Amino acid sequence: MKSVDLKILDARMREYLPAYATPGSAGLDLRACTEASLVIEPGQTVLVPTGLAIHIGDPRYAAMILPRSGLGHKHGIVLGNLVGLIDSDYQGQLMVSTWNRGTQPFTLDPMERLAQLVIVPVQQVAFNVVEDFDASERGAGGFGSTGRA
């Protein structure tokens, strides 16, 4: 398996290096690399630095920033862009677009776990204009066509 080199921008992160929690974990926790607590008001979206920069450097891979389920379910804290896609040639700091969709202000403390980083394989495609498609059982059916609508 290819290893991705994570570069650290903030020296405080030495004590908070991302790690897989279990052998079956897919995601690495990203933390709020802030100097002070940050209050996110209901409906507000803020960019939160993670202190981490990555350069995957291999177009067969990308990274995805995903929300932590507990923050979304219990506090309404989700990603402002729903999913963050990090291309293999990006080299900057990872920032988390953080949206409070809840009804109460949320205080995000320094180094609090905020999101998850997952490395995924990528298959780039080539488009080919055709006259029609080969027939399939499903056809053009969508939006509930294979089950309960």
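Just so it is clear, glycine is given a Cβ too, placed from its N, Cα and C backbone atoms.
These features come from Swiss-Prot:
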- Arg68, Ser69, Gly70, Asn81, Leu85, Ile86, Asp87, Met95: substrate binding site (BINDING)
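The Cβ of Arg68 (substrate binding site) lies under 8 Å from the Cβ of Asp29, Arg113, Leu114, Ala115, Gln116, each on the same chain and at least six residues away in sequence.
Among the record's substrate binders, Arg68, Ser69, Gly70, Asn81, Leu85, Ile86, Asp87, Met95, no two C-alpha atoms are more than 27 Å apart, and one pair sits at exactly that spread. A helical conformation is recorded for Gly70 (substrate binding site) in the three-state DSSP classification. Using a 10 Å Cβ-Cβ cutoff, Ser69 (substrate binding site) registers 10 neighbours. Under the DSSP three-state reduction, Asp87 (substrate binding site) is assigned to coil, being neither helix nor strand.
Counting every protein chain shown, the Cβ of Leu85 (substrate binding site) has 12 other Cβ atoms within 10 Å. Within the group of binding-site residues (Ile86, Met95), the Cβ with the highest number of other Cβ atoms inside 10 Å belongs to Ile86. Counting only same-chain residues six or more apart in sequence, the Cβ atoms lying under 8 angstroms from the Cβ of Asp87 (substrate binding site) belong to Ile56, Ala62.
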